[in-house]
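Q: Submitted below is the structure of interest, expressed as structure tokens.
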């Protein structure tokens with residue numbers, strides 16, 4: 001018996017290797033025909049919604065396809081994973097194989113034709129294998145130009161040419177030759193090909209045609225001048241937020257509501273631009289009312305955190321800045337050089353004193369310069385508020401007689417209304433570009449205008465002036481320090497909204513910020529009514545990665561946001577994400593502190609608040625509540641609704657069910673049923689979600705560690721982050 005088994009093992013297994021394209025077609029045949037081949041190659045779970053009604057809710061599959069290969073020699077089933085990677089500069093092909101034993105895994109094959117067999121027969125005997133046919137000849141496939149669209153209801157791929165789209169994802173490099181029928185070599189390199197001097201001219205041309213392959217994709221042109229890629233515009237200026245390079249002739253394999261995924265792994269966001277911006281680009285002049293008052297065209301976007309419209313309007317064009325001139329000059333110098341002009345000669349205001357505080361955390365966003373600015377702003381705002389109470393007019397003595405540039409000089413005129421908050425309106429302002437303006441710009445712009453978002457902060461008659469002053473100062477200082485961070489030669493984060501200036505006019509304070517023309521995440525989800533407020537999983541993953549990078553930047557510099565929600569997440573049309581609204585942010589560590597300050601009490605919006613905030617008198621780490629909020633934001637993007645209204649067992653039945661199910665089964669049904677483009681990404685994401693939604697803060701993962709998990713590492717993001 002032993003001898004017979006050894007003989008069976010030594011006998012060559014003659015079987016026809018099924019190509020992946022054939023396996024894909026077999027998915028649409030009756031189930032009986034799928035197991036007819038000795039090797040059963042199965043796509044998991046690339047199925048059309050029309051043929052697989054049970055899995056109609058699955059989202060489209062993008063790049064990674066797992067194949068289960070039933071080998072008669074080895075049992076149990078071996079798992080092969082073919083993963084699509086983004087093409088880096090200099091690589092001629094973007095496809096690689098990863099996973100256990102990927103280098104020896106079967107690849108795409110086909111039978112050779114009679115004409116090709118004649119070429120092989122003309123070769124000398126020593127160039128032909130005694131037991132195998134010729135290795136690796138294949139014709140170039142014809143590539144379809146159709147786009148594989150997605151079902152708007154469930155995101156599944158449905159196209160007559162979906163076989164080509166899926167087959168292209170599984171091909172090896174076009175520069176390699178694949179083995180055929182049990183070859184002893186995995187890949188036949190060019191040096192092993194038959195010499196041409198043994199073939200006549202006719203066969204030379206035939207062999208050349210048989211072994212010719214489509215031209216490789218042009219290498220991507222990455223712009224690494226900053227932390228992320230840039231898109232070239234006709235005027236040779238660039239918006240630094242584009243995921244794909246121009247000129248890459250690649251096929252779109254997934255398209256859903258403007259979001260496109262290409263066969264090289266890249267993707268493209270196409271978020272709707274504001275209607276008023278399009279009108280301004282066509283016009284020759286700005287629609288400005290007399291005396292600079294706001295004309296009434298409304299934006300075609302929503303910034304939902306800025307809720308109501310106020311009746312009283314104010315003239316802001318003559319507003320003057322509250323920032324000291326020294327601060328402005330230092331900021332401009334830091335923007336150019338990355339360091340303060342007087343770093344070597346500057347002395348601390350408390351230097352020489354016994355209680356001089358030593359800087360132990362140089363990366364902290366709140367340092368000595370910010371402390372000086374806080375004191376200066378607080379003093380000027382207090383004086384202005386006193387004048388406002390007495391004369392109902394903001395005219396501080398420091399501003400009278402100064403010939404500093406006005407609001408109109410720096411930021412132009414109001415041209416639209418964005419929304420309104422608790423303390424006033426938010427307006428869109430624009431000014432014409434001039435010769436002094438040079439890229440890169442820190443806000444949205446086109447060939448004619450530069451745009452700014454202007455937030456009005458006006459005290460109410462019954463408001464606490466001390467609280468109002470603290471809110472204005474903290475919101476501006478935190479946003480300004482994060483968006484203009486140049487300490488230790490580091491650049492600002494691309495996912496933090498720029499805050500430029502704070503001014504005052506006759507009746508209010510004015511904060512000037514970067515304008516994001518695509519609105520906020522809340523408006524984006526509400527606008528996707530056909531998809532029930534859901535985003536494609538790949539698009540949501542990209543946004544999640546950008547959000548985590550922005551939050552990590554804040555945490556690395558001693559600040560927690562504490563109010564992360566879709567209303568506070570803004571976008572550019574090409575998918576660049578910006579975190580805004582630092583009014584409730586917490587400074588948990590300054591430049592003079594080693595320890596992290598804990599806090600207590602409820603901060604933020606209830607659906608996004610972590611459960612430990614509802615415990616009376618309990619102190620918590622503000623960084624961990626940001627991580628919880630990021631998880632809730634992601635689930636909202638995927639499901640189109642909240643998991644619960646409030647993370648409290650006593651107040652919300654949905655959260656109580658989540659708590660009980662996790663206690664009883666150690667899993668949550670909603671997380672288990674979430675679909676992704678393939679099982680590997682779905683599993684990695686599910687593991688990360690369980691790490692995020694831990695009601696015990698000590699068990700919850702941090703934002704930095706979450707970015708290091710396999711889910712985020714395998715996520716293709718349209719920004720390129722500096723690894724340092």
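Backbone N, Cα and C atoms are what each Cβ position is placed from, and that goes for glycine too.
Swiss-Prot lists 563 with the feature active site, proton acceptor, giving sequence analysis as the kind of evidence. Residues annotated as ATP binding site in Swiss-Prot: 418, 419, 420, 421, 422, 423, 424, 425, 426, 455. Taken from Swiss-Prot, the feature compositional bias 'Low complexity' applies to 45-54, 143-162. Per Swiss-Prot, the feature compositional bias 'Polar residues' maps to 95-106, 318-329, 338-351. Sequence annotations record features per position, and here Swiss-Prot assigns domain 'Protein kinase' to 412-712. Per Swiss-Prot, the feature phosphoserine maps to 19, 232, 238, 241. The region 'Disordered' annotation in Swiss-Prot covers 1-81, 93-188, 318-355.
How buried are the listed features, and what sits near them?
A: Applying an 8 A CB threshold to same-chain residues 6+ apart, the list for residue 563 (active site, proton acceptor) reads 581, 583, 584, 585, 603, 604, 605, 608, 629.
Under the three-state DSSP scheme, residue 426 (ATP binding site) falls in the strand class.
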Q: Would you report the average pLDDT that the model assigns to the domain 'Protein kinase' (412-712)?
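A: Overall, the domain 'Protein kinase' (412-712) comes to a mean pLDDT of 91.
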Q: Count the other Cβ atoms sitting within 10 Å of the Cβ of residue 426 (ATP binding site), across every protein chain shown.
A: 19
Q: Would you pick out, from the binding-site residues 418, 420, the residue whose Cβ has the largest number of other Cβ atoms within 10 Å?
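A: Most Cβ neighbours within 10 Å: 418.
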